[in-house]
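Over in TrEMBL, the protein carries these features:
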type	residues	note
BINDING	105, 107	Zn(2+) binding site
DOMAIN	14-205	domain 'Class II aldolase/adducin N-terminal'
Ligand SMILES: CSC[C@@H](O)[C@@H](O)C(=O)COP(=O)(O)O
Ligand SMILES: [Zn+2]
């Protein structure tokens with residue numbers, strides 16, 4: 001491993017560890033769910049690598065075995081006994097499609113409910129709520145649709161749907177009755193987007209109840 005990659009790996013692991021502790025404190029990783037990743041530098045544009053959470057870990061704990069480096073196909077690029085997140089292939093596809101720098105996945109009650117409530121239209125509509133601006137969409141009374149894809153147990157089957165449904169304007173995609181993937185150019189932006197999505201999903205859920 002080059003010195004440059006090693007330095008970047010250490011920086012990225014530190015950043016991911018801080019995000020992980022913060023999200024765990026918010027209750028965003030129930031039952032070991034969720035996964036995080038961040039791109040590491042030093043690769044050509046057509047090849048890339050990223051750090052991803054190891055599968056099945058207690059994400060509230062901080063240990064030396066929380067992350068590993070994988071390539072653009074999701075395979076480890078260093079000798080390790082750790083298994084990358086079971087959902088690594090979804091991260092690979094999102095990096096390929098968007099060129100983003102960080103991807104965060106969490107399960108919450110609100111994102112799970114709205115992903116099922118609006119399953120028939122395959123997207124959650126959000127209308128005119130101020131926090132849409134967190135996605136760099138500045139139109140007054142903007143209306144957005146957050147795409148929802150199937151939650152197949154076989155992760156490779158989800159990947160083509162992510163490819164087809166991903167909307168470059170919207171930095172997130174829902175898996176039905178499962179959770180959200182949110183991304184950004186770096187950890188700061190991915191976290192900002194995720195917080196905005198979770199706010200908007202709670203808003204949509206509560207508004208749907210009020211309107212019943
Ligand atoms: C423990 S239930 C959640 C998992 O099935 C999965 O959806 C998830 O988010 C975490 O998987 P992981 O392999 O630890 O990254
Ligand atoms: Zn998940």
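A Cβ is built for glycine as well, from the same backbone N, Cα and C atoms used for every other residue.
Where the annotation comes from TrEMBL, it is an automatic prediction and has not been curated.
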Entry from the binding-site residues list 105, 107 having the most other CB atoms no farther than 10 A: 105
Mean per-residue pLDDT computed across the domain 'Class II aldolase/adducin N-terminal' (14-205): 97
